[in-house]
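A.B. asks: Below you will find the structure I want to go over with you.
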Amino acid sequence: MLPVYQEVKPNPLQDANLCSRVFFWWLNPLFKIGHKRRLEEDDMYSVLPEDRSQHLGEELQGFWDKEVLRAENDAQKPSLTRAIIKCYWKSYLVLGIFTLIEESAKVIQPIFLGKIINYFENYDPMDSVALNTAYAYATVLTFCTLILAILHHLYFYHVQCAGMRLRVAMCHMIYRKALRLSNMAMGKTTTGQIVNLLSNDVNKFDQVTVFLHFLWAGPLQAIAVTALLWMEIGISCLAGMAVLIILLPLQSCFGKLFSSLRSKTATFTDARIRTMNEVITGIRIIKMYAWEKSFSNLITNLRKKEISKILRSSCLRGMNLASFFSASKIIVFVTFTTYVLLGSVITASRVFVAVTLYGAVRLTVTLFFPSAIERVSEAIVSIRRIQTFLLLDEISQRNRQLPSDGKKMVHVQDFTAFWDKASETPTLQGLSFTVRPGELLAVVGPVGAGKSSLLSAVLGELAPSHGLVSVHGRIAYVSQQPWVFSGTLRSNILFGKKYEKERYEKVIKACALKKDLQLLEDGDLTVIGDRGTTLSGGQKARVNLARAVYQDADIYLLDDPLSAVDAEVSRHLFELCICQILHEKITILVTHQLQYLKAASQILILKDGKMVQKGTYTEFLKSGIDFGSLLKKDNEESEQPPVPGTPTLRNRTFSESSVWSQQSSRPSLKDGALESQDTENVPVTLSEENRSEGKVGFQAYKNYFRAGAHWIVFIFLILLNTAAQVAYVLQDWWLSYWANKQSMLNVTVNGGGNVTEKLDLNWYLGIYSGLTVATVLFGIARSLLVFYVLVNSSQTLHNKMFESILKAPVLFFDRNPIGRILNRFSKDIGHLDDLLPLTFLDFIQTLLQVVGVVSVAVAVIPWIAIPLVPLGIIFIFLRRYFLETSRDVKRLESTTRSPVFSHLSSSLQGLWTIRAYKAEERCQELFDAHQDLHSEAWFLFLTTSRWFAVRLDAICAMFVIIVAFGSLILAKTLDAGQVGLALSYALTLMGMFQWCVRQSAEVENMMISVERVIEYTDLEKEAPWEYQKRPPPAWPHEGVIIFDNVNFMYSPGGPLVLKHLTALIKSQEKVGIVGRTGAGKSSLISALFRLSEPEGKIWIDKILTTEIGLHDLRKKMSIIPQEPVLFTGTMRKNLDPFNEHTDEELWNALQEVQLKETIEDLPGKMDTELAESGSNFSVGQRQLVCLARAILRKNQILIIDEATANVDPRTDELIQKKIREKFAHCTVLTIAHRLNTIIDSDKIMVLDSGRLKEYDEPYVLLQNKESLFYKMVQQLGKAEAAALTETAKQVYFKRNYPHIGHTDHMVTNTSNGQPSTLTIFETAL
């Protein structure tokens, strides 16, 4: 497997000195690089040794294993929370010291503020001692400010690192578990859920560690502040504290509500992403069936449910933020109202000491403490989900490969097993056989007989309920549905083994890959995409076989690898690979190609999980056993087979084989892009994920807001925000004005003037109450409105993006891996739903507060404006300088995240293969390497933001110093109330200013998600689904197809895959399309369905296909695809997504394809929910469902795209027979590799390198010994060629000379005039 990245730069933090660590100077070189050019992956610093994924994962895994053991001994349920606490409590507890010092400094600050204001209240210009003392107080105040600036960021840096470590360790454990899941456990989870654990649930750990310490710091600080307030204003402080205490349960109640909404939302999100995954996976089929609208409705409904929950949780969040915004105002209001009503007199120093003390405790108690509760409750939900996953059954290590101790063999004795413990009928029953080195055991049987299950039993994937399986020797396994992972072709074959040129060349040759590698530009160093997009199914199958052969194992389990390739290659693989290279090995081959049975040492015939017959080929012939009847399903009527056949399924999904039958679900981020293109020589290059550079454009903001509401709403929103902020400042100003009036009065009174004036309490209190109520109301209104608009915007953009994806051409899906598209729908939409509205509102609130603070300071001491200018310039430069680097870091973090998910989903698809090859450890290492790469980016993301924040707080500290010392210098001109207002505001600026700027950068970073979504709302579109010009409803009633000089390519400027094709297909004609892999057979279908726009003209019943809408065209043709695709949902939805048919019609269609009984046995019959991708049906059964769809559509044109490759001959025969019966009056095009499928066609179309080489009746073509078709038939061997020629001849005479009686349907073996048994079961091939 590929190394993920080269050795990176050593981390400068390791050698940094104390000063450098405190001020993050060690990051300066990185910022310089970021300023000069765009940052790339190799600019990132390597992960610190203690942060490596493997180290962290194994450490936590150790504690979890101990916890599981402890729980088993005490007969309890193990607790993941306990394991986490045991692992991390020491290192995390130390960080509490930071919190303690920081929160103490916040409490000390107001005391010294009070002393400074006191100096102003008792101002005496002659008292120099008082002035010096005041300067001393100002110095202590600034010292506290600086300590806060430094400590705060060190604390945050360390707790965020702790969160990262916990997340990385947890991901390591989840992946490790995924590799060990038993098949029963696989039924209880889905790929979507596991990806969700990895993308959403573990992110809660990053957040919970930040706030956790405030669970004890909050209450402690509240007690200290109460004590200080009591000394300052006496009993009135209890009124304020009471309000604070009332707010807390309110907030925790919000928290609980929020967490329950969160888990409900998560269920809907899971369902939406799972369905999205299926849509992207099966997009080709959805387009060919013209089912986009049905899926659009499905996703829209899921999204509506999700959004309604999101809106409700957003309202809660809005209320929460609003209460935070106005909490301090309400508290101060209640405190001073009580204070005044109790008859006390307010003074400036008391007012502002109280305001500042409340300010300190307010942050902790109303923001950090509830956040801690909310995050802890969210984390608990996530830990529960992860714990449930970690406790799923693991695969038993019982009959994993035993040491070969010299004797190598596979021995199965009286083996019985169930996939589903609840089911009554066993999957396999009473099997016994032994295979020794040098033997080839062929396993045959009808669809669903248990052939793949037998292999899984040998692999140890299917645990016995009775009997035993002993395997001596190393296993190599080739799955029925080929699995490749992202990496080079060579790394896919080597799969961790050392490269030995000679052996490698030999394997490449035996697996018929030599020619393919020559066609690829980079040969075996070509990088295969996420789903093997650059390879055709046939190539993938051969790469899988090559991987197995190169392993040089003792035992080979081959699950029908020959059906994915054409006859010639199939023979090459069988003779050179299976019979030669593997001739000394133990080989078990599941196959439907009965012509190879002669070479088998033993043949095992399975039916309904039981062994019907076992013996050698000659024994079978002697006993006169009719293979044909053995391979029949019981409910088939016995009749002489016509000449059926099996086109092959070249490109299959990556998932485990049809064995997962009767399971409720299984991994399925699969290669749904049925590359119906013959990508053999049309490499589709995977485009690099875009990382747009530089600033997020103004256009993105405009589109984002316009998606949310009308511009009038926006003007209203701006006014509302301004009103809220003005009310906020006025409330404080009024208090300082009142205190000033009171102190002037006191001075007058003390000065011995007339004691006639008394302040009108009602007037001052009335205005004060009015301003407080206004602040609260405006705050709530603005919060709710912002959330409503932004969530609405997210909904609109999601719908636009989804619509755009549905209308995108197939090429888009070939160029973009599933993970990348899904990332837009999961991560980016998650940001738009959840984080962006919150961050945005937070940013607006803090921005307005910062503006308020500066305005007040300038109003009080106008000359402050002078030093503000350079500070402002430094700030603007700093922000620009920081964002240049931080944007790149954030983008790198996004792009290094994708491979983690891709690797997980790819591993889940190839789970059996990985386990068979014992490659779990290698995959785990690769996963850890992907995680480390992501950690490098994440670590920079954390540290760069701290670097910036420390510098911002330095600017604020300067501002506080200027205000404090400036007011002392100008003491003559100022009164106490003004100084109190300016200084208390300046102190709040400390944390708030850097938070505001960071939130502005955060908003900009999150706008990247908006950009990414908007980018997908404007994709290149296919032609419209419907035009004004609609074809007549009965069109096409004839089914005549004319190709007139058709050229076809998959991408503009790409190579032509069809060249100057001209052909006429008459009404009701049956046409077989043949050619080597890569000849353009599937491209012909793509051109017909306009999956890409063809050049030239294609007419169907005198209507030009390019002149009508795509849906009008595609709905009128039925296709039975190579790849049987079923979707989650009911069987009814799968057959008839638009509810166009009655129940009777649906049951009849199922009866026709002999699935009626199977469906009737399901608990909900036709309304039973299918598992993810229909995995509770075997591949053969899924193919029959596709046939039922075609029967229901009753179209005049049917296209069969190699549809019966991995079904047994009998099912194949059933499909062929139904096609003959049901579609006798239709035009049928069949792409085939197996020539006997199409030998009885009216015409054969032979394609080669995209050109039409021959087009005539099969018998006519066979008369010409120079024809390509003749050569193809001859390659099958004499007996087969003779049989095919005879069939073609009979069909030819029957069609052209019906008066000559050709009744003899039986092909006779010329040697003895007897019907040949071989021919009987070969006809099915």
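Note that the numbers count up from 1, one per residue, in the order the chain is shown.
Each Cβ is built from the backbone N, Cα and C atoms, and glycine gets one as well.
Bear in mind that the values here come from a model prediction, so they are computed numbers and not experimental data.
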A.B. asks: Run through Ser53, Ser668, Ser1178 and tell me the one Swiss-Prot describes as phosphoserine.
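C.D. replies: Going through Ser53, Ser668, Ser1178 one by one, Swiss-Prot flags Ser668 as phosphoserine.
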A.B. asks: Of the ranges 598-601, 1010-1013, 1102-1105, 1322-1325, which one does Swiss-Prot list as motif 'PDZ-binding'?
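C.D. replies: So the range that Swiss-Prot calls motif 'PDZ-binding' is 1322-1325.
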A.B. asks: Using a Cβ-Cβ cut-off of under 8 Å, list the residues of the same chain that are 6+ residues beyond the ends of the transmembrane segment (228-248) and lie near it.
C.D. replies: 107, 110-111, 114, 222, 323, 327, 330-332, 334-339, 342, 344, 350, 353-354, 357-358, 361-362, 365-366, 369-370
A.B. asks: Three or more CB pairs closer than 8 Å, sequence separation of 6 or more: does that hold for the transmembrane segment (93-113) against the transmembrane segment (977-997)?
C.D. replies: yes
A.B. asks: Pairs 6 or more apart in sequence, C-beta under 8 angstroms, 3 or more of them: is that satisfied by the transmembrane segment (836-856) and the transmembrane segment (440-460)?
C.D. replies: no
A.B. asks: Which residues of the chain, 6 or more past the ends of the transmembrane segment (136-156), have a CB below 8 A from one of its CBs?
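C.D. replies: Hits for the transmembrane segment (136-156): 22-23, 95, 98-99, 101-102, 105-106, 108-109, 112-113, 115-116, 119, 210, 946, 949-950, 953-954, 956-957, 960-961, 964-965, 968, 987, 990-991.
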A.B. asks: Which range out of 328-348, 351-371, 440-460, 710-730, 771-791 gives the transmembrane segment (977-997) the most CB pairs under 8 Å?
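C.D. replies: Checked against 328-348, 351-371, 440-460, 710-730, 771-791; highest Cβ contact count belongs to 351-371.
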A.B. asks: For the transmembrane segment (771-791), give me same-chain residues lying six or more residues beyond its boundaries with a C-beta closer than 8 angstroms to one of its C-beta atoms, as numbers and ranges.
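C.D. replies: Contacts with the transmembrane segment (771-791): 307, 310-311, 314-315, 317-319, 321-322, 325-326, 329-330, 333, 705, 708-709, 713-714, 716-717, 720-721, 723-724, 727-728, 730-731, 734, 832-833, 836-837, 840-841, 844.
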